[in-house]
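Peer 1: Have a look at this one.
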Amino acid sequence: MESCNCIEPQWPAEELLMKYQYISDFFIALAYFSIPLELIYFVKKSAVFPYRWVLVQFGAFIVLCGATHLINLWTFNMHSRTVAVVMTTAKVLTAAVSCATALMLVHIIPDLLSVKTRELFLKNKAAELDREMGLIRTQEETGRHVRMLTHEIRSTLDRHTILKTTLVELGRTLALEECALWMPTRTGLELQLSYTLRQQNPVGYTVPIQLPVINQVFSSNRAMKISPNSPVARLRPLSGKYMPGEVVAVRVPLLHLSNFQINDWPELSTRRYALMVLMLPSDSARQWHVHELELVEVVADQVAVALSHAAILEESMRARDLLMEQNVALDHARREAETAIRARNDFLAVMNHEMRTPMHAVIALSSLLQETELTPEQRLMIETILRSSNLLATLINDVLDLSRLEDGSLQLDLGSFNLHAVFREVLNLIKPIASVKKLPVTLNVAPDLPEYAIGDEKRLMQTILNVVGNAVKFSKEGSISITAFVAKSESLRDSRAPDFFPVPSDNHFYLRVQVKDAGQGINPPDIPKLFTKFAHAQTLATKNSSGSGLGLAICKRFVNLMEGHIWIESEGLGKGCMAIFIVKLGIPENTSESKNPFLPKANHGQTTFPGLKVLVLDDNGVSRMVTKELLVHLGCDVTTASSRDECLLVVSQDHKVVCMDAGMPDSFEAAVRLHEKFTKRHERPLIVALTGNTDKVTKENCMRVGMDGVILKPVSVDKMRSVLSELLEHRVLFEAM
Amino acid sequence: MDSVVQLQRQLVDYSAQLFNEGFLDDQFNQLQQLQDESNPDFVVEVVTLFFEDSERLLDELAKALEQQSVDYRKIDAHVHQLKGSSSSIGAQRVQKVCIGFRNFCEERNIEGCQKCLQQVKHEYSLVKTKLETLFKLEQKILAAGGTIHWPM
């Protein structure tokens, strides 16, 4: 053998040992080669691993180690220099890489360790969040329960339902064994067990309200744990075995309606509380949790609110019921009043008629009797009878008038009349009585007072007469003066009549009448009573006076109807008084109404129409003559015409009336021509047709051609008289056929 | 004086008879009321006028009905006039016949008309006689110094 530089083994290489080393080296190399492969494989799989290049280094180190071991396989036997060189290179490289790796690891391992700590930290955090999540969920549950409870409680306005529902829902939500409500009694000194969950009928335990535990609970608005042994919690007889569950009590404010002060809610002035006691199931080792306590507090508040709403509702229902009752009662009273009024009116109407009939008989017969031959004695008696019956008749009229006035069914009879004449008439009527009492009466009518006025003559006269009559009646001495004038705007507004707003206008004027007397006067405080029905100013002097006391009341109503005002001024007893009234009267137009002296007045009754120019149109000589004579008999100035043409020739503005026979063939045409001739209404004579036809057609035809009236033949003197007067007053007359 | 009272009673009875038999109606009383001092002969005048008018009308009616072609319109107009006059003085029976006469005119019933004409003539002559008797009685009373008051 040549000597080589290789180291020769000391002993001869044993074949077995060599074999084992050979195999081990092979497997080591295999392992060394496969480990990096595995590493690469798994690193490729995971995306997270941050130290790739460390791995590469490591891989390289392992590969080289493996390579070294692999090359070792060739060094067991004789090997060439190349192998040695390769071996050396491999070893050198391996050394370098492994050193580098070792150095690198020094950096890396602390990092890796810190990763571990972070991981632990995160795990803790996660656990904590889990816990918190659990808590939140619990709270949310609680909230849901509260909402549900509130909804249940507030869905009804009935007190009992509210309380019962509260207990039931609370029991369900919190899985309570027992839940009870203690309400304060009326006296406020005790708490009475009013509602329980499990027991159907609470037996009415009471506990005094001043117990320390109760005070403690009432003093705070929080739910408090109390001992299960306290009297409020001992609802069932304890059987010694089981451990009673924990008990919580909370106060429930009872709000009374009168406690509502909007500004200091929820500070309540008088505090009444009820006590709600909740018991957990015994032997359950359950504890009251904070969120459960909060739930209980919230529920207690809600119950308080719901109860207050229920109370308000009760109040309002009661008030409404009361109102309804009152309404019914009022309605009933009104209907009764109406019935009474109707009964009174019927009575009055009937009585009035019943009373008037005999009155009429008495008056009529007495006046007839007066006309016959009587001895002076008898005459005196008859006159007394007449006077008394007239007085009675006036009284009846007064009473009826007043009742009609009150109903508002009285209407003024408006008509044109002579105002001055009214005053003269009053004077004439009152003078005899006044002269008997030796009271001079003076009448002062202002010169600018219109002579004619439009109004209700009869009632105006009644009013003036009543006022003047009162003046005379209540005066023993002194004079009575009546003044009448047109009220100007300054004197219209009187401070004593603040409600009176007279509005002067063109076709109306206000008549002011003042009646002054120096009689016994009236106490100023009594003045308002004067105008009330049946009230008398009772003084000694008037005790004997007659009169029902209706006069002034009626006058006041008449004056009001005439849109006026009446009042009395007096300085006191013994100082006389002045009665003043203002009424609204119409001014007649300047047509035939005022200047027409033919106006028939109910009092006088027009019997003749002196100078009234009438044209008679009739083609029948006999009828013409008869009609003419009729009119002449009534005092008219009659012209006749026998044909339409003659009529149109003769007629003039002076003719006030044209009487034509409707049976004439041209009568209708004559009417038409008359209308054409006199276009203005007040120039045209009134056209009246005399007809023997009773049918409607004739009447309609007459109306169509513009006739002012139709009269049925035969016409008597009286009929002609009344027809003429009505025609002239109303300018139209259509006799009913 | 007895004769006056007797005459008056006679007048009363006679006028009552006339009213009862329907020769006169209330219109006649109305006419009497129109008579007064200013017009003392009013009733006689009116009645005389009525007689003249009626005779004329009756002649016209007779003539018209004799015509070949009867003019009913004219006849109706005449009858209407007669009716008016008679009603104005209160000759009730004449008036009633006139109403019937007019109906026949409308129906253009020549026989009816002729019959009515005869009736009217008859009634007219009756009432004329009666009224003349009445007026004679009145004159006798007035001549004897009595007074007459209508209505009786």
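Cβ coordinates are placed from backbone N, Cα and C, and glycine is handled just like the others.
In case it's useful when we look at the structure, here is the feature table from TrEMBL:
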BINDING   A:N470, A:A471, A:V472, A:K473, A:D517, A:K533, A:S548, A:L552  ADP binding site
CROSSLNK  A:K713  ubiquitin cross-link
DOMAIN    A:613-728  domain 'Response regulatory'
TRANSMEM  A:20-41  transmembrane segment
TRANSMEM  A:53-72  transmembrane segment
TRANSMEM  A:92-113  transmembrane segment
Peer 1: If we skip the immediate neighbours and take only residues 6+ beyond the ends of the transmembrane segment (A:20-41), which ones have a Cβ under 8 Å from one of its Cβ atoms?
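Peer 2: For the transmembrane segment (A:20-41), the list is 55, 58-59, 62-63, 65-67, 69-70, 72-73, 76.
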Peer 1: Is the transmembrane segment (A:92-113) packed against any residues at least 6 beyond its ends, judged by a Cβ distance under 8 Å, and which are they?
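Peer 2: Residues packing against the transmembrane segment (A:92-113) from afar: 51, 54, 57-58, 60-61, 64-65, 67-68.
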Peer 1: Near the transmembrane segment (A:53-72), which residues from the same chain, at least 6 beyond its ends, have a CB less than 8 A from one of its CBs?
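Peer 2: Here the qualifying positions are 25-26, 28-33, 35-36, 39-40, 43, 83, 86-87, 90-91, 93-94, 97-98, 100-101, 104-105, 108.
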Peer 1: Taking the Cβ of A:V472 (ADP binding site) as centre, how many other Cβ atoms lie within 10 Å?
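Peer 2: Excluding its own Cβ, the number within 10 Å is 20.
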Peer 1: Using a Cβ-Cβ cut-off below 8 Å, which of the recorded positions A:N470, A:A471, A:K473, A:K713 are near chain B?
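Peer 2: So the ones by chain B are A:K713.
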Peer 1: Distance check, please: Cα of A:D517 (ADP binding site) against Cα of A:K713 (ubiquitin cross-link), rounded to an integer number of angstrom.
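Peer 2: Cα of A:D517 (ADP binding site) to Cα of A:K713 (ubiquitin cross-link) measures 58 Å after rounding.
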Peer 1: What average pLDDT does the predicted model assign to the domain 'Response regulatory' (A:613-728)?
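Peer 2: Over the domain 'Response regulatory' (A:613-728), the predicted model scores a mean pLDDT of 83.
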Peer 1: At a 10 A cut-off on CB-CB distances, which of the recorded positions A:K473, A:K713 has the highest count?
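Peer 2: The residue with the most neighbouring Cβ atoms within 10 Å is A:K713.
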Peer 1: Among all the protein chains here, how many other CB atoms are within 10 A of the CB of A:N470 (ADP binding site)?
Peer 2: 22
Peer 1: Out of these binding-site residues, A:A471, A:L552, which one has the fewest other C-beta atoms within 10 Å of its own C-beta?
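Peer 2: A:L552, out of the binding-site residues A:A471, A:L552, has the fewest neighbouring Cβ atoms within 10 Å.
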Peer 1: Per DSSP, what is the residue tally for the domain 'Response regulatory' (A:613-728) in helix, strand and coil?
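Peer 2: For the domain 'Response regulatory' (A:613-728), the helix, strand and coil counts are 53 helix, 25 strand, 38 coil.
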Peer 1: Return one of helix, strand or coil for A:V472 (ADP binding site), based on DSSP.
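Peer 2: Its secondary structure by DSSP: helix.
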